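Novice: I'd like to ask some things about the structure below.
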Amino acid sequence: MNITRRNVLLGATAAAALGSVAARAQTSEVVIGVIYPFSGASAQMGVDAQKSFETALDIINKNHDFDLPLAKGEGLPGLGGAKIRLVFADHQADPQKGRAETERLITQEKVCAVIGTYQSAVAVTVSQICERYQVPFISADNSSPSLHKRGLKFYFRAAPHDEMFSAAMFNFFDAMKKKGTKIDTLSLFHEDTIFGTDSANTQLKLASERGYKVISDIKYRSNSPSLSAEVQQLKTANADVLMPSSYTTDGILLVKTMAELGYKPNAIVAQNAGFSEKALYDAVGDKLEGVISRGSFSLDLAAKRPMVGKINAMFKEKSGKDFNDLTSRQFMGLLVMADAINRAKSTDGEKIREALVATDIPGEQTIMPWKRVKFDELGQNNDADPVLLQYIGGKFVTIFPPQAAIAEAVWPMK
Amino acid sequence: MTADAIIQSLASGLLMGLLYGLIAVGLALIFGLMDVVNFAHGEFLMIAMYATFFLFVFFAIDPLLSAPLVAAALFVFGAVVYLLIVRFAVRAKANAGMVQIFSTFGLAIVMRGLTQYFFTPDYRSVTHSWLGGKTVSVAGIFLPVPQLVGALVAIAAFGGLYLFINRTDFGRALEATREDAGAVALVGIDKNKVFALGWGLGAALVGLAGAIMAIFFYIYPDVGASFALIAYVTVALGGFGSVFGAFAGGIIVGLVEATTAMLLPPSLKAVGIYAVYLLVVFVRPRGLFGSM
């Protein structure tokens, strides 16, 4: 028999059809793709993310007595107790590599869902590929608001985005002003990819709406060898609040340069990212007493919900670190996806999508201070309330909103 | 913008520029000596920073003290890299240029990969050193002590290198080999020994820069990349093959960067460097102080 392209295609189609019949008959394994930077400047984020996903995997695949989706019993009951297997892929913080790796995950590794990506710039391409192949994508820890506004049907985000985070910051400023604190002028300091740019645009808009004056708005190149010119400008402006949107490396350099050039702002209110990283506090924590960062996670919650502390201990055993804002969102990302696959009772992309649309997980069944997990028509969970955390005495305490706060804000920072 | 702010920016630019110069000098030395571009130059810087970091963490040796140790270690490392890799790469019969590029480029990737494997990609930092975080203030201008010392070390290292090349027999052999590697063999100079020395010196200089930088910069496996790019531009701007040019080029790059950041949005500050570079290449293709 001559092997023609048509025969090969026919054969492949037949094999695929057989394969899917077999898969439906007994699915013992559900494969989910996890795409993060595992090499390059942000590789540590990927390493930490992997530990977080493995913690979530442990909870799903093994029997635990937690009030979380899928914690009790082993595997996914909706699929006959099938276990989840994760395939990790490295996008190296490069949107094009993210595109290629997602395609490989879907076509070669046959994943039925994808979770990622740390960098919002990479989430853009990863979610587009998922959309094309009709594979659901959970954006676990990306915070750029523009991500969910593209009308993608297979894009979901359980966590807050930067507009929600920034709104929380300005609500906090308003509350502080009411108490008599002088907050009139702001300095924005943001990196030049989608994360920093989106964050700054949101903050500019909110500032003008609520009557705050942005007296310097500095967009800098990420991973610059030196930030002294930038810090010099911040120092000259000397606003009431400095609002950085930076990843870890730039955050460390920013704080070191500020100390060198003798710039001490009254308050720093950071858009998370680098400012929620242990590495940054190891390096320059002594200069950051009283810094405020936004988050969607706080270990304080363990006082109200003891399972948070227990799960944190599980994660700490694997990673040597406490959960932070990023790793906690990654953990929840996998649980939300697994819960949907379980209810879909299928690994079919469209069925999982329908299950995600129907998701409604009460806040108490998460490790987050969220009201619940429920997606709007754009795939965004609007009930993921952010919190503001202040770094006091070597750890973060929740200071805002009032219903979640356990301490008053220290202002000025020191 | 006040006069203070302008002077401050220029002072910061000058301090940074001297450091850029120190990083670039080693690259220029090796290039001038044997026409080989070391694409692993940034990774040499990176391992010097890690060496400084570990000497600090495990033996509590202050970066200022470990700088000569690190430079010496890098000297040996550079010579070994020449003897084990570059010596064979430059001998390639076909596609010699490509073989040379890919051997040092490959070395860079291997070094980065091994560092990430053994030391994890986490960001390290020398948390408290004698100089770290200290600043002197002169007439309202802040000069960070680590950068200030770095600048002095850079000037001293450059002076030392200048004397070494011009006043010692080995330096003269280095210079002669640079002029005509074939002819020196006739007078009994071992070319390989001179080249190995050149690689060692180049690596030691960037090692010195790495040790000083560990005081005020963060350390991770990819840290060399952003500095290496500037070093290549610096060498090309200052003049191919000119050690003095690389040093002057570093200062120019530092000042141009600071000036651009004052005039344009800071995210565009690298644009100034490349604009000046293009201008120089147009007017004087061999670079400002190039002799080729």
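Think of each number as a place in line: the chain as shown, counted from 1.
Glycine too: its Cβ is placed from the backbone N, Cα and C atoms.
Below are the features I grabbed from TrEMBL:
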type     : residues  : note
TRANSMEM : B:6-32    : transmembrane segment
TRANSMEM : B:44-61   : transmembrane segment
TRANSMEM : B:67-86   : transmembrane segment
TRANSMEM : B:98-119  : transmembrane segment
TRANSMEM : B:139-165 : transmembrane segment
TRANSMEM : B:194-220 : transmembrane segment
TRANSMEM : B:226-256 : transmembrane segment
TRANSMEM : B:263-283 : transmembrane segment
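Let's see these features in context: how buried, what's close, how far.
Specialist: Only residues 6 or more beyond the boundaries of the transmembrane segment (B:6-32), in the same chain, are considered here, and those with a CB under 8 A from a CB of the stretch are 38, 41, 44-45, 141-144, 147-148, 150-151, 153-155, 157-158, 161, 178, 198-199, 201-206, 208-209, 212-213, 227, 230-232, 234-235, 238, 240-243, 245-259, 261-262.
Under 8 Å from some Cβ of the transmembrane segment (B:44-61) lie the Cβ atoms of residues 23, 26, 38, 67, 69-71, 73-74, 77-78, 111-112, 115, 119, 124-126, 129, 203, 206-211, 213-214, 217, 219, 221-224, 227-228, all in the same chain and six or more residues away from its ends.
If one looks beyond the transmembrane segment (B:67-86) by at least 6 residues along the same chain, the residues whose Cβ comes under 8 Å of a Cβ in the stretch are 36, 40, 44, 47-48, 51-52, 55, 61, 100, 103-104, 107, 153, 192, 195-208, 210-212.
Long-range contacts of the transmembrane segment (B:194-220) within the same chain: residues 19, 22-23, 25-27, 29-30, 33-34, 38, 41, 44-53, 56, 63-64, 66-67, 70-79, 81-83, 86-87, 121-126, 129, 131-132, 144, 146-147, 149-150, 153-154, 157, 161, 164, 170, 173-174, 177, 184, each at least 6 residues beyond the stretch ends and with a Cβ under 8 Å from a Cβ of the stretch.
Here the transmembrane segment (B:226-256) has long-range neighbours at 10, 13-25, 27-29, 31-32, 37, 39, 41-43, 45, 154, 158, 161-162, 165, 178, 272-274, 276-277, 280-281, 286-292, meaning same-chain residues at least 6 beyond its ends whose C-beta is under 8 angstroms from one of its own.
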